[in-house]
Amino acid sequence: MANLMTNPQTKSGSPYRLVIAALLPLVLLGLMIYWLLGNGSNLFNTPEIPADELSATKIEFHPNEIQVKLRNTGPDELTITNVLVNGAFIHQYEISPSNTLGRLNTATITIPYMWEEGKPYVIGTYTANAFIFDFEVPAAISTPTVSWDYIKTFFLMGAYVGIIPIFLGFLWLPILRKIGEKSISFLVALTVGVLAFLGIDTILEGLELAGKVPSVFHGVPLFIMAIGIGFFGIVGIEALVKKGKGRISSSGLLLSYMIALGIGIHNMGEGLAIGSAFVLGEVTLGTLLILGFTVHNVTEGIAILAPGAKQKINWVHLILMGLLAGVPTVFGGMIGGFAYSPVLATIFFGIATGAILQVIVECWGLIRGDRLATKLQAAPNWIGLAAGFLLMYLTALFVAG
């Protein structure tokens, strides 16, 4: 058998040659891209067809004024020539910093306008290339600004939706402690069913949001990348905690914390949905979302406790897990209300999906049975899976939208 020997002269080669070898392909690639964007942009000598694309990142309603924040998401520079409100041309308006936007540049249109609370509005823009872009608001409401009153409002919303329901679910802990091993397997399977429903929900929400992201940001790949971040992020956090010798590192309690974290990230997405519903003028939808998610989230408290129910969980751990699962709803509501962005929402839902999928994998390992078929054939397991999914489905009927 031949021995492969490394030439010692290769190791002692000049480091500058390695740098040049590493950078040369990148430099050549950059020169090629520069040429393609310049002289080589029209290889087939075809006439250039304009392809304007304009996205509204936010529409704000202030006293006697409407502000529309726009971004050029098309491939070329565009110029805004006219502005309309509900089909009527507006003659007095300001565009800052300029009505000409380069690729990915932003501008804000400020329109003096006596708008009325609760009425629908369509803001239209014309470009120099005769493209028309309409941005619809179902019902105008005053845009929240960062103030103590609004902070209190979003905090109470988060408490009603995320924090209180989780702790209500914790009230079943005495019952969970008294049941047998088969029942624990049932509860863990129920937890998997609950998480599976949440996972499907976040995937569908994330894909819907990704479809609203301007094409230049590639919403679906962004969502998939965020799933990976969420999945491996939970793996990393779990590994770090296991290295410690504290009580949390015990398998059941640690998994309860991981479930709380995964649900917390999901609940941040719920907060985003509620906060953005109010800002986008969908007030009735926002109110129904609060009611629906409040009922829906009580079941999450059971899912958090099930893996560690047989261990002694003191009140400190209960408080920490409840806050971990519930408080993100508050932050989600504030982000949705004060700084909503489809791109940001897509990332959050992707991370939530990844986190939930990883926790499902961990919970599945606790279900009795050494193989998939064995796990599913055991009556407590498949009944628990079905019950968890059905429970979430029934409570989801309270959620509008």
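The backbone N, Cα and C atoms fix where each Cβ goes, glycine too.
Quick look at what TrEMBL annotates:
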- 18-37: transmembrane segment (TRANSMEM)
- 154-173: transmembrane segment (TRANSMEM)
- 185-204: transmembrane segment (TRANSMEM)
- 216-241: transmembrane segment (TRANSMEM)
- 248-266: transmembrane segment (TRANSMEM)
- 272-295: transmembrane segment (TRANSMEM)
- 315-340: transmembrane segment (TRANSMEM)
- 346-367: transmembrane segment (TRANSMEM)
- 379-400: transmembrane segment (TRANSMEM)
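Remote same-chain partners of the transmembrane segment (216-241), defined as residues 6 or more beyond its termini with a Cβ less than 8 Å from a stretch Cβ, comprise 53, 73-74, 104, 206-207, 209-210, 248-249, 254, 257-258, 261-262, 265, 342-343, 346-359, 362. Contact between the transmembrane segment (154-173) and the transmembrane segment (315-340) is supported by 3 or more Cβ pairs under 8 Å, counting only residues 6 or more apart in sequence. Under 8 Å from some Cβ of the transmembrane segment (185-204) lie the Cβ atoms of residues 176, 179, 259, 262-263, 266, 269, 299-300, 302-303, 306-307, 309, 349, 352-353, 356-357, 359-360, 363-364, 366-368, 378, 380-393, 396, all in the same chain and six or more residues away from its ends.
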